[in-house]
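Listed in TrEMBL:
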type	residues	note
DOMAIN	45-533	domain 'K+ potassium transporter integral membrane'
TRANSMEM	85-105	transmembrane segment
TRANSMEM	208-227	transmembrane segment
TRANSMEM	239-259	transmembrane segment
TRANSMEM	285-304	transmembrane segment
TRANSMEM	316-336	transmembrane segment
TRANSMEM	356-387	transmembrane segment
TRANSMEM	408-431	transmembrane segment
TRANSMEM	437-460	transmembrane segment
TRANSMEM	465-483	transmembrane segment
TRANSMEM	495-515	transmembrane segment
DOMAIN	545-745	domain 'K+ potassium transporter C-terminal'
Amino acid sequence: MSVQAEGAAGAERIAPRDSLYGDAEKVSDDKHHGFAAGWWQTLQLAFQSIGVVYGDVGTSPLYVYSSTFPGGIRHPDDLLGVLSLILYTLVLLPMLKYVFIVLYANDNGDGGTFALYSLISRYAKIRMIPNQQAEDASVSNYSMEEPNSQMRRAQWVKHRLESSKAAKIALFTITILGTSMVMGDGTLTPAISVLSAVSGIREKAPNLTQSEVVWISVAILFLLFSVQRFGTDKVGYSFAPIISVWFIFIAGIGAYNLAAHDVTVLRAFNPKYIVDYFGRNGKEAWVSLGGVVLCITGTEAMFADLGHFNIRAIQLSFTFILFPSVALCYMGQASYLRKFPQDVGDTFYKSIPAAMFWPTFIVAIMAAIIASQAMLSGAFAILSKALSLGCFPRVKVVHTSKKYSGQVYIPEVNFLIGAASIIVTLAFQTTTNIGNAYGICVVTVFSITTHLMTVVMLLIWKKNIAFVVGFYIIFGLAEFLYLSSILSKFVEGGYLPFCFSLVLMALMATWHYVYVKRYWYELDRVVPAAELTALLARRNVQRVPGVGLLYSELVQGIPPVFPCLVDKIPSVHAVFVFMSIKNLPIPRVALPERFIFRRVGPAEHRMFRCVARYGYTDQIEGTKEFSAFLIEGLKLFVHDEAAFSCPHTDNGGDNNNNNDDNDARRLEQAVVAEEEKRFIDAEVERGVVYLMGEAEVAAAPGSSGLKRIVVNYVYTFLRKNLSESHKALSIPKDQLLKVGITYEI
C-alpha cells in the first residue's frame, strides 16, 4: 500500500505543471492576523481567555486529591509530598513548557497539535499529497538565512524528513493520534467535570445514592450536548465572569483553610518532600502520579485556543490569575486534610465553609459545564482542521461565531461524543475510574507536542542543540513518568481512550489512504488539452445556457470525470469552470487572494479553471456569497487578461505607428473583455449548476485481502454514512448534478 512511491512515479508521468499549481500556494504575508495588540486590548483578551481556556484546568481541584489517594492517606507528610508534586507540575508543564515556550510555536497565530504539523509541512515536504513546489520560495512565510551550524543542521533534518517514508508516516501518525486523544479528552472532560461537580450535592442530601448522582449528571450532559448547535458566539465575555467568580471562590476558600487549619503545608514549596514521599511509598507513590497529573488537565487548550487571543494575553491570565488561584486552592485543601484526612474522598466540598456551600456548588456546576463546553469547542475545531489533510470525510462544519473563527460545531461528531460521554458516565460511575482514562489522553497529547516541538526547534527555529536536547530530556522524562504511572491503571479504565483512539485513528488512516490513492489516480488520468477540444467539437455536444461549476480535488489538468459527464449528458454550459477547493497548510487566506483563474482552451470556448484557496481555519462561504465572489473574480480575471495581453513598448517617441497599433489592440481587447463580462453576467442570470463526481472507489483486481476490506468496506461505509460533500461546500440540492464514475485503485 505504498502511496509515496506511486505518487512520485505519477508526478514524473505528468507534463510540466502550469503556473496555476504554483500560484495556488502563494499567499501574502499576514503573520499576525490581528494578534498584535496594545496593552489595553491585551488585558481585554486576557480577561476573555479566562472563560475560554481555563475552565478545565480550573475545575481540576474538584477531583485531584480523591484520585491521588483512592485508598486514603497513609502518612500525614504524604500530603506535603503530593502538594509539592502538584505545585511543581503546574510550574513545569503548563507554565514553563506551554506558556513560555510552546505558545511561540504558533502557526501565524494559530495553535494546537495540528498547527504544529502544518507548520512543519511548510518547511519540509512531509505530507502524503505534496503541498510544496519551487514557487514556495517566494511565499513570505519562507525565509532564507545565511549558512551557519544551525542552518546546516536544519537542512540535514529537512533532508532526513523528506527522504524517509518512515519519518513522514511517523509524523502523520502522531498527529492523528493527538487528534484522536483530543477527541477522547472531549468525551471525558464533560463526564468527569459534571460528575465531580454534581457529587457535591450529597453533602446536603446524604440520602442520594451514587447512582442517582450519576443520572443527574447524565441529564446535565444531555442538555449540554443538545445546546451545542447554538454555539458559543459570546463565549469570551459570557463565560469569563463566571470562571472569574469561580477562581475568586476557590482562592478565597483555599486562603481560609490555609489560615484556619495548618499553614505549615507551605513547606511543600521545598521539593525535598517529593523525595521523601517517593522514599516512603515507593511504587505506590509512582502509581499516585496518575492522580497528580489531573491537576493540569486542559493545559493543551492554552495552545489550541491561542488563535482567539495572543501570547501575551495567555501569559498574563495564567501567571496572575489561574496559577495563584488553583495553587491557593490546593494548598488550602492540603491544610484541611492535615486535620481531617478521612475526608480525602470528597476534599473540595468538605473543605468549603458552611455559609459558602450553596454559592460555591452552583458556581461549580456552571464552571464544570463551561469547562466541558470549551473542550468540546476545541475538539470540533481540531477535527475541522483535520479535514484539510483529507483525514476525515467532508462533513458539515457549522461556524457558530462571526467573531471567533475557531468556534465550530459538527453535528455528527457532537452526537457521537455526546453518546460516548453519557455511556462513560453510566459505566464508570465515579470520578476516580474516569480519571484513570482521562489522564492518558492528557499526557499523550503533552508527549506528542514535545516531539513535534523538538522538530520545530531543529527545523524552523534552528535553536542551539543544547537547548533542544535540554527541552526534550526535561519535559520528555517528566511526561514519560506520568504516562508510565497512568498506564499502570490500564485495566482500571485506562484502556478506554486507547480503544477509542485506535478506532478513530483507523478510520482516519483509512480515509486518508484512499483519499491519497484517489488523488494520484485522477492525476495520472488528467484529460489532455487536445482531447478536450475534440470532445467539444463532437457533433452531438451542445453548449447549453448557464454557468457550470465542476468540482474536483485536482488543481491542475482536466479531471477524468469530465469526459464521463460529456458521454452521459452530451452538453456543456455556455460558461464552464473546473473548480478546485485547495486547503493550504496555513490558518487563513485573505479574501482578495481567495481565487486564482486560468483559461482552458481558446477564448471562444469560455472554459476556465479556478482554485479557491482556504486556510485550515477558514470558513467556506455560503452558496450565494461564494458564487458572487467567484463570478466577480472571473470577470476581474477576464479584464486583467485583456489588459496584460498586449505588448508594452517604449520606443522613446521614435515609432508612433507602433504605439498607435498597440493602443488600437488594447482598445480592441478591452472591448472584447467587456463583451465577455456581459456574456458571463447574462449566463449567471440563466442559472448556476454545480456538478460533482460521485466516485465509487474499489480495490483493483488482484489486491490483497486487507486492501479490499479497507477500500471496499470501511471506506465505502464512511463515505455513505458520513461524507456529505455538497453540504460541506454549501451547495443546494436543487442546483446539484452528480456524475457517477468508478475508480479501481
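Even glycines carry a Cβ here, placed using N, Cα and C.
Listed as Cβ neighbours of the transmembrane segment (85-105) (distance under 8 Å, sequence separation of 6 or more from its ends, same chain) are residues 57, 64, 111, 116, 119, 268-269, 271, 274, 277, 289, 292-293, 295-296, 299-300, 302-303, 306, 311, 314-315, 318-319, 323, 326-327, 330, 446, 449-450, 453, 456, 461, 471, 474-475, 478-479. A Cβ distance under 8 Å defines the sequence-distant neighbours of the transmembrane segment (285-304), meaning residues of its chain 6+ beyond its ends; these are 52-58, 60-61, 63-70, 81-82, 85-86, 89-90, 93-94, 98-99, 102-103, 106, 111-113, 182, 185, 189, 277-278, 314, 318, 326, 330, 371, 374-375, 378, 381-382, 435-436, 438-439, 442-443, 445-446, 449, 481-482, 484-486, 488-489. Below 8 angstroms of C-beta separation, residues 89, 92-93, 97, 101, 153, 286, 289-290, 292-293, 439-440, 443-444, 446-447, 450, 453-454, 457-458 of the same chain, each at least six residues beyond the ends of the transmembrane segment (465-483), sit close to that stretch. Across the domain 'K+ potassium transporter C-terminal' (545-745), the model assigns an average pLDDT of 81. Ranking 239-259, 316-336, 356-387, 495-515 by CB pairs under 8 A with the transmembrane segment (208-227) puts 356-387 at the top. Long-range contacts of the transmembrane segment (495-515) within the same chain: residues 1, 3, 128-129, 172-173, 176-177, 179-181, 183-184, 187-188, 386, 389-393, 420, 424, 437-438, 440-441, 444, 697, 710-711, 714-715, 718, 745, each at least 6 residues beyond the stretch ends and with a Cβ under 8 Å from a Cβ of the stretch.
Count of Cβ pairs under 8 Å against the transmembrane segment (239-259): among 316-336, 356-387, 437-460, the largest is for 316-336.
Among residues of the same chain six or more beyond the transmembrane segment (437-460), those with a C-beta under 8 A of the stretch's C-beta atoms are 93, 97, 101-102, 105, 113, 116-117, 119-120, 123-124, 153-154, 157-158, 161, 171, 174-175, 177-178, 181-182, 184-185, 188-189, 192, 290-291, 293-294, 296-297, 299-300, 303, 424, 428, 467-468, 471-472, 475-476, 479-480, 482-483, 486-487, 493-498.
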